Structure formats: C-alpha cells, structure tokens
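J.: So TrEMBL lists the following for this protein:
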DOMAIN    22-31  domain 'Uroporphyrinogen decarboxylase (URO-D)'
BINDING   27, 28, 29, 30, 31, 77, 154, 209, 327  substrate binding site
SITE      77  site 'Transition state stabilizer'
DOMAIN    142-158  domain 'Uroporphyrinogen decarboxylase (URO-D)'
C-alpha cells in the first residue's frame, strides 16, 4: 500500500503534535449528499448498496471529493453482526432496521452461535481492501462496529425503540441471559474489527448509540463492561493492538471519566458536554472527538464558524482533539454548510498547534 500522505487523524488519536485539528463527520457518506442519493437509487435498496463493494466504495469516497476531510470511514451498517447471526435484517421505509427473528428469551439466546465473521460478511472486507486501493494513501480509513449493548438493543427489540422496554426488562428479569448475549457479541465485535484491520482499516470506532438509555449501574454492568472487553481483546491481537480505537456512547457525559479508563485511544463526546471540562475530567488519558451539535449546521455560515471557534477554544491548545459532530449529520443538512465547517476547523485550529 502507498504511504499515508495525511496522518493528521492518527497522530491526533495518539495525542501527538499536528499542524491543525483533523476533522471528519459521522455519517459523512449519507443522504444529505445528492450524489449519495443517486447511488442509493441505482442500488435499489440500502442493503444492496451496503453489500456491493463497488457501490459502498463509491459512496465512502463521495464526501472526500467534496470536502477537505482528514479521514474516510467505511460505508456499512452497525447491524452486520446480528445479520450474520441469522436474525433476518431488513429495512422498512420510514421505520429503519427490523429483524424477522428477534432474540426475546433465554432459549433464543442459548440457540445463538458465534458467526464465522469472514465467511458471513465477505463484502465488508472486500470493501475495505478496495477502499485502501482507491484512497492510495490520501487519508486513513476508519473501520467500525456497534457496541455489544447497542447491537443487543436492536436484536432484542427487533428494531429501534422509544423506551427499550424489552431489553431493559431483560436486564431485570434475566440478567444472566443478557450477559450471555453480550459476551457473545463482544467476541463477535472484536472478531469483526480484527478482520477489518487485517483487510486494511487504519483506525477503529465502536458506536454505543444506546448506552445513554441506561442508569449509571446499568451502564457500568451492561455497556461499559463489554466496551472494555472488546478493547481488551483488540489489544491482545497482532492485527489490532497498534490501531487507535475511538469509543462513542451517545449521552455518556456523566460516565466519560470512567470510560477513559477502559484502554481505548479516544472518546467521542456529544454536544451536551464542554470539551474543556471533559479534557480535565479525563486527565489527558485519551484523545477526544467532537462535538458540534448537528443542528448547528442549519445555522448561517458565520454562526457555524463561531461554533467551531467556541469548541476549539473549549478544548484548548495542544494535540489530542479530532473535530467531529456530536452525532451523525442529518439528511436535511446543506452540503455547503458542511464545507464551511470543514474549512473553518482547518483555518481556525492552526493557532492551537503553533
């Protein structure tokens, strides 16, 4: 593979000096881009798009053609592992992901067997390899997975949920069964990220989208413990032990200091926290990624620049900051406003690295 020409992201994740703050955007390849919508229409369905290495590569690269981003992130979905477990993943228009065979009982959980990740999901790893060739060292490629808790949420609920009654109920009625499911998922997530790394991913991210719905004791027991297990497994494997891992729990502000102790390289931070406060609370043990409110991109360009300046000032001088949104970019976002954001980060961050 060609040498990496822009290693700003990797250096920031290792808390090494950079010339300016790197920036990428969660869901940067997505429905806010007209070119993505055109490719999605050509594919016929989201699953067809995700399962085609050629089309997934095309949409991964689309935002890099528009914006001066410092990373690419694999186009895929966090629900590939439950799909590999045979739960019958499908997408309902206007409703999102659904599983034909949700996991609702101890018997359902006991019937699950760890998937052969490379055999079940070859299209993911083919996409990673294709992307590394196409990127040709321009920027690093981020691979990702859903956290065990978040995957379990979808598997037990059968899709998205407003109240997570079924999985939270299981945590009270049969916690041992839930732990069995989470342990299986932690191994599978680690295997999945390891295979992405072996195919060429240069950084990894764990998305814990639904950890924030738990109580503090529940978060520690059912989410954080299994983030730590995934991290431990990755650190034990040659393909992944040197790769930086970003862990992001939406709504985890009150737990970030604990999360910083699991051994990951970086924490994602949502927009409800001040980066300077988080930097102090975590004691500089990890890099921080974030944390612009995605809705800020609906404001005028001067307000976007002001928000970028505020966040950069909050983090302060020195390395260890990756600029991002506090969650994924919304589909109604004007791409021109994303360009304002990216350019503002690069322009306004330089003095913090002088």
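The backbone N, Cα and C atoms fix where each Cβ goes, glycine too.
Predicted automatically and left uncurated, TrEMBL annotations should be read as such.
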J.: Tell me, if you would, which residue among 27, 31, 327 (binding-site residues) has the fewest other CB atoms within 10 Å in the structure shown?
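T.: Looking at the binding-site residues 27, 31, 327, the Cβ with the fewest others within 10 Å is that of 31.
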J.: Tell me the residue counts in helix, strand and coil for the domain 'Uroporphyrinogen decarboxylase (URO-D)' (142-158), as DSSP assigns them.
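T.: Reading the DSSP string over the domain 'Uroporphyrinogen decarboxylase (URO-D)' (142-158) gives 10 helix, 5 strand, 2 coil.
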J.: How does the model score the domain 'Uroporphyrinogen decarboxylase (URO-D)' (142-158) in terms of mean pLDDT?
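T.: The average pLDDT of the model in the domain 'Uroporphyrinogen decarboxylase (URO-D)' (142-158) works out to 98.
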J.: Given a separation of at least six residues and a C-beta threshold under 8 Å, show me what packs close to residue 77 (site 'Transition state stabilizer') in the same chain.
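T.: Once residues fewer than 6 apart are set aside, residue 77 (site 'Transition state stabilizer') is near 46, 50, 97.
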J.: Taking the residues 27, 28, 29, 30, 31, 77, 154, 209, 327, which the record names as binding substrate, find the longest CA to CA distance and state it in Å to the nearest whole number.
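T.: Per the listed residues, the maximum Cα distance equals 23 Å.
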J.: Give the helix, strand or coil assignment DSSP yields for residue 327 (substrate binding site).
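T.: Its secondary structure by DSSP: coil.
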J.: For residue 29 (substrate binding site), which DSSP three-state class applies?
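T.: Looking at the DSSP assignment, residue 29 (substrate binding site) belongs to neither helix nor strand, so coil.
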J.: I need the least crowded one of these binding-site residues (29, 154), counting other C-beta atoms within 10 angstroms of each C-beta.
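T.: Across 29, 154, these binding-site residues, the one with fewest Cβ atoms within 10 Å is 29.
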